[in-house]
Amino acid sequence: MTEPRDAIRTARRVVVKIGSSSITAPQGGVDLYRLQALTGVIAKRSLQGDQVLLVSSGAIAAGMTSLGLTKRPKDLATQQAAASAGQGGLMAAYTNALKLHGLNAGQVLLTADDMHRRSHYVNASRTLEKLLELEIVPIINENDTVATDEIRFGDNDRLAALVAHLVNADALILLTDVDALYDGHPRTPGTTRIPVVSSMEEITGVDISATGSAVGTGGMVTKVAAAQLATAEGIAVLLTSAEQAVQALAGEDVGTLFLPTGRKRRARSRWLAHASSVNGRLVLDAGAVEAVVQRQTSLLPVGVTRVEGMFRSGDTVDLCDPSGAVIARGLVSYDSTELTRVVGRRLDTATASARSRGGSAVAARTVIRRDDLVVL
Ligand SMILES: Nc1ncnc2c1ncn2[C@@H]1O[C@H](COP(=O)(O)OP(=O)(O)O)[C@@H](O)[C@H]1O
Ligand SMILES: N[C@@H](CCC(=O)OP(=O)(O)O)C(=O)O
């Protein structure tokens with residue numbers, strides 16, 4: 001019988017995420033000792049022939065010393081300045097540490113837009129694939145210096161899950177300053193480690209609200225959300241402390257293992273379901289909901305009852321059932337103004353109807369092709 005943690009031990013492509021608190025000091029600056037311990041673990045796995053990508057936080061915390069700060073800055077501009085001052089040194093530390101093992105590191109800084117836009121996403125995927133092919137260890141972080149409050153990931157746990165989708169990883173390892181998810185705040189007496197989570201419902205009552213270290217951002221909430229994102233796409237997730245990284249990668253019974261809850265889908269579907277940004281909503285009638293969800297057919301104008309939001313052809317829109325619940329997502333082949341003129345019409349009558357209603361003809365066509373649709 002296979003052990004659940006074999007999924008981690010045997011994974012060929014692994015995304016490891018390390019939090020700020022695990023590679024920097026509480027008052028700022030890179031903690032070289034702990035960074036080298038981490039690179040030792042990554043190098044061992046890489047030299048075994050597996051592919052490891054590292055998502056590393058810590059630029060802001062690393063840059064605090066250059067700015068003369070002893071606390072993580074709260075405002076965006078100072079965070080960006082700290083990240084700018086810190087990212088170079090952080091990357092240099094990784095480059096030097098991996099070199100000791102004969103490995104090269106490649107820096108990849110991503111913005112939320114790189115995930116939202118299909119062309120950027122595909123481009124990022126190509127870059128990462130090339131780095132892996134060349135046996136260069138990708139070291140990924142958010143491009144903090146150009147991110148604004150509205151368009152930032154904010155936490156690297158989500159970024160790590162999206163990177164795991166992007167490269168179709170077999171496993172995601174979230175390394176932090178606590179050795180596992182506990183059934184309450186770990187500082188509360190009597191709380192115990194949760195070794196395995198098979199479905200997110202199992203942990204709905206668990207208190208994950210307390211925030212963690214002085215330099216970290218999301219606490220446990222963002223880690224559980226990241227685990228949910230990755231496991232939904234068939235990726236096993238192991239959450240543990242940086243100190244237990246060796247045991248975690250060896251498949252030992254440490255940390256919390258989140259088992260895959262969904263099947264691996266096509267790359268395009270993964271992107272549509274989790275990374276693309278949604279620009280509008282189409283409300284469908286019951287027949288169209290059944291066609292899209294059960295029979296997985298393309299969506300035709302006749303099944304659309306309402307168009308909400310302003311979008312262009314090629315944008316992502318949510319599909320809702322008559323009660324407004326989102327049931328699917330897809331790439332729409334009409335602008336919103338065009339689509340408004342043909343909703344509810346059969347393909348053969350839509351063109352004429354559009355001409356009579358709007359003046360100019362709209363060539364009636366499929367609203368969303370089945371290949372451009374993902375059921376949620
Ligand atoms: N139920 C829980 N189990 C374990 N840790 C928890 C729980 N609830 C909150 N936490 C907190 O989450 C923290 C980890 O988050 P954070 O400091 O943001 O880490 P990182 O910098 O690695 O991203 C832990 O230090 C812990 O205090
Ligand atoms: N991009 C930021 C990290 C943001 C973040 O998610 O931090 P953490 O909660 O420590 O993983 C940085 O490099 O400082």
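Each Cβ is built from the backbone N, Cα and C atoms, and glycine gets one as well.
The feature ATP binding site is assigned by TrEMBL to LYS17, THR176, ASP177, THR217, GLY218, GLY219, MET220, VAL221, THR222, LYS223. TrEMBL lists SER57, ASP144, ASN156 with the feature substrate binding site. Positions annotated as domain 'PUA' by TrEMBL: 280-361.
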Local Cβ density at SER57 (substrate binding site) - other Cβ atoms counted within 10 Å:
29
Do you know offhand how many angstrom separate LYS17 (ATP binding site) and ASP144 (substrate binding site) by C-alpha?
17
Cα of SER57 (substrate binding site) to Cα of ASP177 (ATP binding site), in Å and rounded, measures 13
With DSSP, how much of the domain 'PUA' (280-361) is helix, how much strand and how much coil, in residues?
30 helix, 22 strand, 30 coil
What is the Cβ neighbour count of LYS17 (ATP binding site) at a 10 Å cut-off, with all protein chains included?
28
Consider only the binding-site residues LYS17, SER57, ASP144, MET220: which of them have a Cβ under 6 Å from an atom of ligand 2? Write none if no residue does.
SER57, ASP144
Cα-nearest neighbour of ASP144 (substrate binding site) within the listed binding-site residues, ASP177, MET220, THR222:
THR222
Counting across all protein chains, other CB atoms within 10 angstroms of the CB of ASN156 (substrate binding site) number 27
Using Cα coordinates, what distance in whole Å links THR222 (ATP binding site) and ASN156 (substrate binding site)?
9
Scan ASP144, ASP177, MET220, THR222 for binding-site residues whose C-beta lands under 6 Å from an atom of ligand 1 and note them, or write none.
ASP177, MET220
ASN156 (substrate binding site) to ASP177 (ATP binding site), Cα to Cα, whole Å, comes out at 15
Can you see whether DSSP assigns SER57 (substrate binding site) to helix, strand or coil?
coil
If I take every residue in the domain 'PUA' (280-361) and average their pLDDT values, what number comes out?
88
